[in-house]
Structures are given as C-alpha cells and as structure tokens.
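A.B. asks: TrEMBL lists G17, S18, G19, K20, G21, T22, R130, K173 with the feature ATP binding site. Residues or ranges marked as ribonucleoside 5'-phosphate binding site in TrEMBL: R43, K64, I65, V66, G91, F92, P93, R94, R134, R145. The CMP binding site annotation in TrEMBL covers N98.
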Amino acid sequence: MSPSFLYWDFTRAGGPGSGKGTQCSNIVQNFGYTHLSAGDLLRAEIKSGSENGTMIQNMIKEGKIVPAEVTIKLLQKAIQESGNEKFLIDGFPRNEENRASFESITGIVPEIVLFFDCSEEEMEKRLLNRNQGREDDNIETIRKRFKVYMESSLPVIQYYDNLGKVRRIDAAKPIDVVFEEVKAIFEKVDA
C-alpha cells in the first residue's frame with residue numbers, strides 16, 4: 001500500500017498562523033495520520049549544527065524557501081522512520097519547483113490539499129501572540145513569509161485547485177468550528 005498524503009500550504013489563505021498546526025494535532029488524534037511539519041524538520045536540522053543546518057538557518061532568516069532537495073530528503077527520512085502510511089505534510093510544497101520535485105522524486109501526488117483561508121492581519125496577530133520563541137516569529141520575517149507565499153506558494157494551491165484537490169476551510173473561525181469542517185473532509189477521505 002502506498003502512503004496517502006495530504007498537503008497543507010503556508011500563508012495567507014493557508015499561511016503561518018492560520019491554525020494548520022492546531023488542526024494537524026486534531027487530525028492525528030482522531031484519524032491516525034502522522035504529522036510531518038517541514039518547518040519542524042528544518043528547525044531540527046538547524047539544531048543539529050550540520051552544514052545543511054547553517055544554510056537552512058540563513059534562508060529562513062531571510063524568509064526564503066529552502067531548496068526542494070533538502071526538504072524532500074528530510075521528509076523522506078521522516079516518512080521511512082514513522083512506520084505509518086497516512087501523512088499530513090505541513091508547509092510543503094512551498095512553490096512550483098517544490099511540488100514538481102516532490103512528485104517526481106517520490107512518485108506521490110496528494111489525495112487532497114487542505115487550504116486554511118485566513119486574512120494576513122489575523123495570521124500576523126496569531127504569530128506575534130503564540131510565544132513559541134521561534135526565530136522566524138518576528139514582524140519583519142513574518143511579512144517576508146507572507147510576500148513569499150503570495151509570489152511562490154499561491155500558484156501551487158491554484159495548480160491543485162485546477163485538479164479538484166483543494167478543500168478550502170475558513171480558518172478565521174474558532175478552532176472547534178474549523179475542526180468540524182476538517183472532520184467532515186476526513187470522514188469522506190477515510191470512508
């Protein structure tokens with residue numbers, strides 16, 4: 001059986017602070033998926049002190065997208081180590097090159113793409129108030145991430161939307177209400 005993948009994308013209309021991490025936790029608990037956060041994997045690589053980690057850290061500070069090969073390698077390792085066949089991939093693909101590389105290298109196309117629609121103002125407010133101590137949760141980097149999203153990630157969402165794979169969710173609603181919408185989608189997927 002090949003793994004089943006669901007992508008979440010980053011930033012305005014699915015961006016940082018739109019509630020993806022919170023909803024991933026709910027999905028893992030209720031539907032048995034493994035949550036793989038590209039951002040968490042990249043931050044772990046930074047903490048490892050490797051040469052790759054230094055390059056990743058510099059790119060994140062600038063609000064840039066890490067090369068696809070680096071993130072795909074980290075994702076593949078996490079997939080192999082998980083022992084599960086159902087995955088939520090959070091924060092990847094971030095651009096068209098990421099998407100094409102991932103599908104080409106792994107042969108995997110997502111079953112669905114959850115798109116958490118949330119205003120830039122609301123996401124900015126959430127990120128500044130989440131107090132996770134992350135280096136990239138400052139106003140300057142947050143705004144760079146939003147800009148990168150609009151230029152690079154939104155076309156990926158549009159690509160999958162043209163294939164009928166995107167499921168839009170109003171992420172500005174309360175967490176419980178958002179999860180009810182998510183549950184309805186997953187109940188159909190797992191049926």
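Glycine too: its Cβ is placed from the backbone N, Cα and C atoms.
Any TrEMBL annotation is an automated prediction that lacks curation.
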A.B. asks: If I take the alpha carbons of G91 (ribonucleoside 5'-phosphate binding site) and the residue listed as 'CMP binding site', what is the distance between them in whole Å?
C.D. replies: 11
A.B. asks: Please tell me which one of the binding-site residues listed here (R43, I65, P93, N98) sits closest to K173 (ATP binding site), measuring Cα to Cα?
C.D. replies: P93
A.B. asks: Compare the C-alpha of N98 (CMP binding site) with the C-alpha of each of the binding-site residues T22, R43, I65, and give the closest one.
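C.D. replies: Looking at Cα distances from N98 (CMP binding site), the smallest one goes to I65.
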A.B. asks: Might you list, by sequence position, any residue in that chain lying six or more from I65 (ribonucleoside 5'-phosphate binding site) with a Cβ less than 8 Å away from its Cβ?
C.D. replies: M59, R94, N95, N98, V148, S152
A.B. asks: Quick one: among the binding-site residues G91, P93, which has the most Cβ atoms sitting within 10 Å of its own Cβ?
C.D. replies: P93
A.B. asks: Which one of these binding-site residues, T22, N98, has the sparsest Cβ neighbourhood, judged by other Cβ atoms within 10 angstroms?
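C.D. replies: Across T22, N98, these binding-site residues, the one with fewest Cβ atoms within 10 Å is T22.
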A.B. asks: In Å, rounded, how far does the Cα of R43 (ribonucleoside 5'-phosphate binding site) sit from the Cα of T22 (ATP binding site)?
C.D. replies: 18
A.B. asks: Using a 10 Å cut-off, grab the number of neighbouring Cβ atoms around the Cβ of K173 (ATP binding site), all chains included.
C.D. replies: 14
A.B. asks: Quick one: give me the count of other CB atoms within 10 A of the CB of R43 (ribonucleoside 5'-phosphate binding site).
C.D. replies: 18
